Amino acid sequence: MDTQKLEPTVPSHIAIIMDGNRRWAKQHNLDSTAGHKQAITRMEELIEEAAKQGISHITFWAWSTKNWKRSRDFVDGIIALFRENLHPDGIFAKALSKGAELQLIGSMEGFSNDIQVKVTQFLKQKPKETTIHVNLAVGYEGRDEIARAIKKIIEDGVTADQIDQSLIDNYLDTKGQPAVDFVIRTGGEKRTSGYLIWQAADAELYFTDTFMPDFGAQELTKALEDYSHRERRLGGDSKRY
């Protein structure tokens, strides 16, 4: 799909809440995991388009800690889909081939050992030329991330007078990455559900009724165009993008 590079500047870091997969599947009379499979296809498209638009970081919320509470059949289907995408023609390999540097944020706890080993192997691989940094939020929830950061701070013996925002940044899963500028949620819900609470504190929000399996390059361009016309004050004078 041909899209033109947008002006003015696009955000450095966008974060997508991938919602509406099951409703999309139901709408198309498909198995409940079919929507997630189509969403993965869209991820590949979005990674390529985001890199083309000059975005340096993109984060996908692929699996929440709360998702483990869903039906056993559904969870098993998602795990099977995850394993399928660890093959040479899966999303991990395809993203690497497009120049994406991959990072997992959250926790792989709950996934089988073979999946954890293969994911670790993929994360160790680096593209020949990095075009974009891709975070996959798996087993993720914002409050859990902050709780884990606090535990690590305590374990490291950090004293109260040493703690500031910069130090906390360095204990989060996204250490060293730019703050999130733009949060996109597909599927019609208008909340962030604890997604990147710290990193997206000053982010612009964009809610669309489009389900994730239908959210491709064209929809991303539309969202970025909306972002480009917003004024961001961030406590100071307005700044238009």
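Note that Cβ sites are derived from N, Cα and C of the backbone, with glycine treated the same way.
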Out of His36, His57, His87, which does TrEMBL tie to the same substrate site as Gly20, Asn21, Arg22, Arg23, Trp24, Trp68, Arg70, Arg185, Arg191, Thr192, Ser193?
His36
Which one is it: of the recorded positions Gly20, Trp24, Asn67, Trp68, Thr192, whose Cα lies the shortest distance from the Cα of Glu204 (Mg(2+) binding site)?
Thr192
Can you tell me whether DSSP puts Asp19 (Mg(2+) binding site) in helix, strand or coil?
coil
